[in-house]
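What follows is a single structure, written as structure tokens, with notes after it.
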């Protein structure tokens, strides 16, 4: 045995016989840090809950920081926000973010008519009902219709005008209607702005740019909701069908994996061959024609690519390229045919393993629930952090040269300050919620911490699922007699081992991946902020960094996945497992490449097959093209709503099932490589791989000598007789 280890120093313990059950805790320090971080995350959520107020996100807020429609407040029956002068608002984003430089007031309903304060004051002398209607859009407590108009508009006690509006997002927006291609508001194309000018409703549209499309989107949203309400039962049936088809597809892969692969490969070869023939035919046809012998370099770059198709050189290049591709495919298949056969055999063995441990197909439900819990906690904490603090008021002015714009102010003393004199028409408007305490100054940092811990928990949940599944499938592989020697409850046992002994290792791998993802998010944020920058070097550097971290993230995901498999088998720490997995894969790099591509190809084919077939069935159903159940189809506004839902849901269900299958194949592959390095087929070190894999590699397990002697003893009496 020592001689064997001396000749092959890269191999592991040759006495290995399967997953280690007597193991100890790994990466304890990281486990302790992980637990402390979780406790700190709970404390962060508690502090945010104590300081935050989600009402600041749910309810609109007026210029005085009061919530519209909040029960137990003077605005309980005033759930809609009204803008004194919507013409001063630049765009819908400004409106929704409450940064419009005009007074904002909570009202019970939006105005339903055109009116100006000047007209109201004139008509009030004849009929007081004009004031009774208009004052509901004035500041609370103001009841002096005889106050001079100039002073009312200066103090913004009342709006200078009101326009017919309707509520959207709990805010009053002009009621735009297009009639015969003309934009109108209450059948009018012009209105008075309250300052003696006649304005066009186009000015309202420009001030509230995009509101019309948002209102249309709301109507579409209502119709979509109605479609979901009437078709949810049939959508559920479609998703159940996709789940059953996914399960059947995985179980049938043991019989169809090779057929599917070779059929598609043969189809690709035939398709490329036809392409070569077609290019040759086009080349020979154009060769004798005038002007077809011009080279591509002679005509230069052309926006109309059909010009290139008139050149014989183009088809010659296509023909040579396709011929090279065809030769590469054939050569690769000739020299890698044994590895392709191994990959297909492992795919079949993976289907058998899932058939023996069916509970693994439903483990993604646990992962989904844990991820939903992480996402919900992160979202709630983010909302409470964002809504922490007290109301902050800032000076809003319509004058571009007002030096007090965006400075903090006090609404109670603002009217007595010099700001109103230096910047006429300025307002002390509610801006956002914040504060000057230590907690409020570091809310942005706490949001970043919230994001980082969220990524850590999500990646840990995924790592726990991968390690659990790997342990269950490793138990299947290292059973010499399948399925008799498979331990009872392999999935539950693997989950317990992963959680009890390897929480620190899983947290360590998840932390590395989370840091890289966190940096990628920051780079995406910087890229979004610097989109308008003209510095080419900065954009190039940022693009390179994004590309590098994207590659790094995918490499870490690949290494983590294989490290978790080694952890589930050997029970070592994360670094040792990652190192062992890396060198094991590097010693079998060609097998890794072939298996990875074959697996990805078949699983992608399966996802398309399942989502496409269920989508076609749903299309015929929702378009009433199935006569048998035509009357059962609900009436829909948009049939594509449930159709796309079924297609997307089917793809996600197939993706969940096939992720388990991919984890199974990867685990069996690593076990297969370990089996080849550790065992030699002798009685003391037999191969654990399936007989189909042994047949491909011409490997055999020798029978123990004791069994041979027993057979001889049984054969001796028969010979005497």
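Glycine is treated like the rest: Cβ placed from N, Cα and C.
According to TrEMBL, the feature transmembrane segment maps to 28-50 (among others). Same-chain neighbours of the transmembrane segment (28-50): 377, 380-381, 384-385, 388, 439, 446, 449-450, 453, 456-457, 460, 503-505, 507-508, 511, 574, counting only residues six or more beyond its ends whose CB sits under 8 Å from a CB of the stretch.
Sequence-distant contacts of the transmembrane segment (232-252) (same chain, six or more residues past either end, CB-CB distance under 8 Å): 351, 354-355, 361, 606, 609-611, 613-614, 617-618, 621-622, 633-634, 642, 645-646, 649-650, 653-654, 657-658, 661. Marked as transmembrane segment by TrEMBL: 232-252 (among others).
Annotation source TrEMBL lists transmembrane segment at 259-277 (among others). If one looks beyond the transmembrane segment (259-277) by at least 6 residues along the same chain, the residues whose Cβ comes under 8 Å of a Cβ in the stretch are 318-319, 322-323, 325-326, 329-330, 333, 340, 344, 598, 601-602, 605.
Residues annotated as transmembrane segment in TrEMBL: 315-336 (among others). Proximity of distant same-chain residues to the transmembrane segment (315-336), defined by a Cβ-Cβ separation under 8 Å and at least 6 residues beyond the stretch ends, is recorded for 265, 268-269, 272-273, 275-276, 279-280, 282-283, 286, 309, 590, 594.
The feature transmembrane segment is assigned by TrEMBL to 357-380 (among others). A Cβ distance under 8 Å defines the sequence-distant neighbours of the transmembrane segment (357-380), meaning residues of its chain 6+ beyond its ends; these are 45, 247, 250, 450-451, 454, 457-458, 461-462, 464-465, 468-469, 472-473, 476, 486, 490-491, 656-657, 659-660, 664.
Within the same chain, residues 17-19, 34, 37-38, 41, 350, 353, 356-357, 360, 363-364, 366-367, 370-371, 374-375, 377-378, 486-487, 490-491, 493-495, 497-499, 502, 506-507, 509-511, 513-514, 517-518, 560-561, 564-565, 567-569, 660, 663-664, 666-668, 671-672, 675, 686, 688-689 sit at least 6 positions outside the transmembrane segment (453-480) and bring their C-beta atoms closer than 8 Å to a C-beta of that stretch. Look at TrEMBL and you will find 453-480 (among others) tagged as transmembrane segment.
According to TrEMBL, the transmembrane segment annotation covers 501-523 (among others).
Taken from TrEMBL, the feature transmembrane segment covers 535-552 (among others). Cβ atoms under 8 Å from those of the transmembrane segment (535-552) belong to residues 516, 519-520, 523-524, 526-527 of the same chain, restricted to positions at least 6 beyond its ends.
According to TrEMBL, the transmembrane segment annotation covers 601-623 (among others).
Below 8 angstroms of C-beta separation, residues 223-224, 226-228, 230-231, 234-235, 238-239, 242-243, 246, 249, 606-607, 610-611, 614-615, 618-619, 622-623 of the same chain, each at least six residues beyond the ends of the transmembrane segment (635-654), sit close to that stretch. The transmembrane segment feature in TrEMBL is assigned to 635-654 (among others).
According to TrEMBL, the feature compositional bias 'Basic residues' maps to 698-714.
According to TrEMBL, the feature region 'Disordered' maps to 698-721.
Counting same-chain residues at least six beyond the ends of the transmembrane segment (601-623), those with a Cβ under 8 angstroms from any Cβ of the stretch are 231, 234, 238, 241-242, 245-246, 249-250, 253, 257, 260-261, 264, 347, 629, 633, 636, 639, 642-643, 646-648, 650-651, 654-655, 658, 661-662.
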